[in-house]
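Accompanying notes for the structure given below.
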Amino acid sequence: MKFLSFKYNDKTSYGVKVKREDAVWDLTQVFADFAEGDFHPKTLLAGLQQNHTLDFQEQVRKAVVAAEDSGKAEDYKISFNDIEFLPPVTPPNNVIAFGRNYKDHANELNHEVERLYVFTKAASSLTGDNAKIPNHKDITDQLDYEGELGIVIGKSGEKIPKALALDYVYGYTIINDITDRKAQSEQDQAFLSKSLTGGCPMGPYIVTKDELPLPENVNIVTKVNNEIRQDGNTGEMILKIDELIEEISKYVALHPGDIIATGTPAGVGAGMQPPKFLQPGDEVKVTIDNIGTLTTYIAK
């Protein structure tokens, strides 16, 4: 399944994309009319949090089938053209990110490949698909992109052994880890350079892990104004998904809705000769196999 959060008519909701339809099933409305018992999560995060007691996907499937059988299916669907995409997990939880997890990317920035380089991104930096974000020219002329696979955590745990780590994964999404390279080079910590307003575009969907059975063998392609900048594969990750979860959970308790950004392949603007940073009016597209394309616009 592909889940998303969105705004429609000034109301925040969440839903599911079914098959090849260019519309979202509004699960807030579907559950209001067709939920089994008291299962009626008001947000996608609430659905993930209740997944340990009731199979969230199965409850969604049953409710959508009931809506289809009602003869009023169209009343519960909204065209993608009419919605504003929000970060898939809304309200947002923790975003924990790994840097230098692709050797070629570390090399292009002249960084040593370290065993563990972790930072967080502020919740206020999150935005959804098709968002227009500030160009931040008032503070930097080195705005950069990083296309990444995001892991969506599905259940709580800490000190999770590698052998069990994938049991804690609910699904995957796309992240563009927008970075102020100027601040990154001047500061000892990464939080500020990674937490600009609009600096964490995410989405458009969460794809459940059953629909992405080989997440460590998917292509990541980033285009700026239709020019391919990054063309990598998650198979190039230094720490694999189970290792990332094991490492983080040694120190941080993970909870449903937490997002782990797994690092970016080579091809960022700062690594080019000469560097090619994002400019006002640019369009950035990050595509990952079987998830979709995350589009971001830099304001003029």
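Using the three backbone atoms N, Cα and C, a Cβ is placed for every residue, glycine included.
Feature annotations, courtesy of Swiss-Prot:
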- GLU146, GLU148, ASP177: divalent metal cation binding site (BINDING)
Residues flanking the divalent metal cation site, with Cβ no more than 8 Å from the Cβ centroid of GLU146, GLU148, ASP177 and excluding those residues themselves: ALA97, TYR145, GLY147, ILE175, ASN176, ILE178, THR179, ALA261, GLY263, THR264
Conformational class of GLU146 (divalent metal cation binding site) under the three-state DSSP mapping: coil
Cβ packing number for GLU146 (divalent metal cation binding site), 10 Å threshold: 26
